[in-house]
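TrEMBL has this to say about the protein:
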DOMAIN    1-103  domain 'Ig-like'
DOMAIN    135-218  domain 'Ig-like'
Amino acid sequence: MFCLSGTPVTRVTVKEDDGVILPCSLSTNENIESMLFDWKKEGTVPQKNVFLYDDGKYYNNGLLGQDEEFKDRVSHFPEELKHGNASIRIKKTRLEDNGTYLCKFPNLKPEIRTFHIQLVVEPILKVRVNGAAQPSVTILNQTDDWALLQCDVQSGSPRPTVEWWDSNNQIIPSEKPQVSKIGDRFYITVSTTVKKDDNYRCVATQKDIWHQSQKKIYIHLNKKSDSAPQGKVKNPNVDSYITSLA
């Protein structure tokens with residue numbers, strides 16, 4: 001791949017939330033500890049300041065001006081400078097990190113050297129601010145042998161997929177979802193009957209916006225082998241949380 005100036009572009013791909021290294025090295029392998037190199041991100045005017053190194057000083061260590069979104073997330077490799085390596089590491093990548101980055105040696109003679117790196121951040125399913133509300137789970141009925149569980153997901157747009165999963169991350173059979181809509185928001189109820197002790201989860205997924213949230217409930221059934229009389233209704237232990245699935 002080449003940019004408009006004809007300079008080769010290095011493409012780097014990473015999963016959202018993972019760390020990534022953007023490569024930039026002089027082919028001469030000369031020591032750059034006393035040099036100046038500047039990392040910027042294209043796409044805005046002015047370009048965003050990602051990382052700046054100048055003769056031992058750098059952003060947050062004697063130099064100011066780094067864009068806020070990169071603060072505390074970008075670092076270099078001090079031990080590699082003597083080998084001409086100006087690569088940087090970006091921690092916990094975000095979708096907005098997508099784009100083309102420039103690594104420039106503006107004072108290099110006889111000519112300025114500029115490297116182009118295209119970063120592609122692939123989204124993962126996780127809890128997002130604009131996603132559907134956290135599911136709520138209810139035990140509608142329970143005997144020694146089974147439990148009827150209900151999951152409610154409110155105010156989802158676009159329409160979420162709602163499923164019950166077991167502890168092996170397997171989708172378990174459920175009744176047909178009950179769906180209502182107010183404006184562009186969907187309200188969904190899904191029920192299932194379970195017949196064994198396990199941690200069950202109601203999982204709401206909006207693939208269009210890469211949102212996924214879930215709530216967990218632990219069910220303990222009083223089987224005939226247990227000491228409690230058959231038919232007695234139990235009060236199960238309930239544990240809930242929201243998490244992301246990669």
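All residue numbers here begin at 1 and follow the chain in the order shown.
Note: Cβ is positioned from N, Cα and C throughout, glycine not excepted.
Unlike curated entries, TrEMBL annotations are predicted automatically.
Looking just at the domain 'Ig-like' (1-103), the mean pLDDT is 93. Using DSSP to sort the residues of the domain 'Ig-like' (135-218) gives these counts of helix, strand and coil: 3 helix, 55 strand, 26 coil.
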